[in-house]
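Student: Quick one: the structure is below, questions incoming.
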Amino acid sequence: MYDYGLNLWGNNNFIVENGKICVNTGSKPAIIDIVKSIRSEGYRGPLLLRFPHLIHKQISQIYKSFESAKNEFGYKGSFNAVYPLKVNQYPGFVKNLVRHGQKYGYGLEAGSKAELLLVMAYNNEGAPITVNGFKDKEMINIGFIAAEMGHNITLTIEGLNELEAIIAIAKERFTPKPNIGLRIRLHSSGSGIWAKSGGINSKFGLTATELIEAVNLLKEANLLDRFNMIHFHIGSQITEIHPLKKALIEAGNIYAELRKMGAKNLKAINLGGGLAIEYSQFKENSSRNYTLSEYANDVVYLLKTMATQRNEVEPDIFIESGRFVSASHAVLVAPVLELFSQDYTEEKLVLKKKNPQLITELNDLLSTIKPSNAIEYLHDSIDHMESILTLFDLGYVDLQDRSNAEILTHLIIKKAAKILGTKQHNAELLKLQEEAQERYLVNFSLFQSLPDFWGLKQNFPIMPLDRLDVRPTRSASLWDITCDSDGEIGFDDEENPLFLHDVDVEKEEYFLGFFLVGAYQEVLGMKHNLFTHPTEATIEIDAEGFKVSHLLESQSILDIMEDLDYDIYEIQDILNERIEKSKLVTDSQRKQILGEMYLFLNDNGYLKTIS
Ligand SMILES: *Cc1c(COP(=O)(O)O)cnc(C)c1O
């Protein structure tokens, strides 16, 4: 069985059965069967599958872990969690999250006016709301309205000017009023590629001087009783637990100091997000050094110790984990359209009566390659190919010779790959496999569906949906269908070598799954080349089988033109007029063309099939 590191990143969400990757719940359907059932209704191109049971699983694990940590240490503060909307605002996700979060009192976090208004509409009654990020008077006003509607809302202040605005607005608005939180600036910071959101130079948070001033301003305005929470966020995907521990100690001391200054309603410490998930398919490059239960235990234990040392009440704990809750629920499935060297078959070889010496040698290599010489022959064939190209530039061999060399080299690479397999993971072989890689053209846009790979080199687990009982032999690089050369996931022989199967996609379908794409990717996705959010489907699974509960087709070409503020009626009129005016076709041909044009404009822009 070839499981592509599933035991590392899979969290028991999926299992491999009969060579297929299956969802590990209820009837355990194979993902490929879900995909085929959706495609049988005519949907083509990439598919984003949402699994709501995995949202529920993450939420319940968070509450369970903190509950058990609290019990273990006899912690008296409460535990609360909110989901930060910025991580995924799509209704197909958010509505399921709110539904599954209800019994836990799971709340929502907003970072902008638009998010705040969404939160006010969808948040479970009584569940907490926190608001972070820069705010103007209007946004603060919306926060007051949320409190007046009955929401349990805390506005976290990022700077003193926001506090001054709150004080001014509080005089004008009604009761009840929102709670006020202060974002603190820690000198300890996070780790990993997102670390800049913590630390003394971070974009957010009040310095010690500003904190003192804030408490004084609140006192003067008679609003100190509304101040209930301090907040920090040391960055996303915290790879090590150590910086968080340092941050907790610092925050615990600030908490005690502020209470000493008279902030008696300050009862909560909000740790922000940052809880990491495991993206890696290889043990050597694991992306975090702690588990959820370690995280919960450390947080509870440290805050308890701090409170005891400082002789203060144990604070209520708030967390704002986004990535941890949302990443696993979504799987992107994209069909492979073509293997670059698929056309290099023996039949295409047109050898001459008298061939250049190097071609004869390549031919010999192909017929005598075997396990004991495979690495050497692979080397030789790549060298020969390079020499042939030089000879071509100098005019010594012709295009037919060059084509023969291409075909022979690819046949040797394929044969060697089959012989060598992926077992011998030595550096030299991997290096060779990088040169001998196969390019897979995949029907998706990297910019739309995996923007963090493009922007941050974040790896996501990738694997084929079936053939997992067959050894994959080809070192693979993936090409998306944008015309941008950055739209590639290259074969990474050092960190993340991906091996796929040698398939003839003209005869049989081959699908790749991209996992853990539920956090950040969807809304950060770009419309580069005017590719849109893929067709999405929500999949509910029970003991009987699976149900596609919500299917939303990818936007049409006209929709995306409209998003860019084109006048789509004008576009259609121009196209139609130009077709009408064409003198090159007959009336009945013209009618057909107009019909075709209408269909193309109203369909999405992903590819259907190549041939
Ligand atoms: C982005 C953000 C989060 C979520 O971080 P994750 O790493 O996704 O858990 C939480 N709180 C704040 C203030 C944020 O800006």
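The backbone N, Cα and C atoms fix where each Cβ goes, and this holds for glycine too.
The following feature annotations were taken from TrEMBL:
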type: DOMAIN; residues: 60-327; note: domain 'Orn/DAP/Arg decarboxylase 2 N-terminal'
type: MOD_RES; residues: Lys86; note: N6-(pyridoxal phosphate)lysine
type: DOMAIN; residues: 353-428; note: domain 'Arginine decarboxylase helical bundle'
type: ACT_SITE; residues: Cys483; note: active site, proton donor
Student: If I restrict to non-local contacts, at least six residues apart, and a C-beta distance under 8 angstroms, what lies near the residue listed as 'active site, proton donor' in its own chain?
Tutor: Asn529
Student: So what pLDDT does the domain 'Orn/DAP/Arg decarboxylase 2 N-terminal' (60-327) average out to?
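Tutor: Residues in the domain 'Orn/DAP/Arg decarboxylase 2 N-terminal' (60-327) carry a mean pLDDT of 94 in this prediction.
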Student: When DSSP states are grouped into helix, strand and coil, how many residues of the domain 'Arginine decarboxylase helical bundle' (353-428) land in each?
Tutor: 56 helix, 0 strand, 20 coil
Student: Among all the protein chains here, how many other CB atoms are within 10 A of the CB of Lys86 (N6-(pyridoxal phosphate)lysine)?
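Tutor: Taking every protein chain into account, the count is 19.
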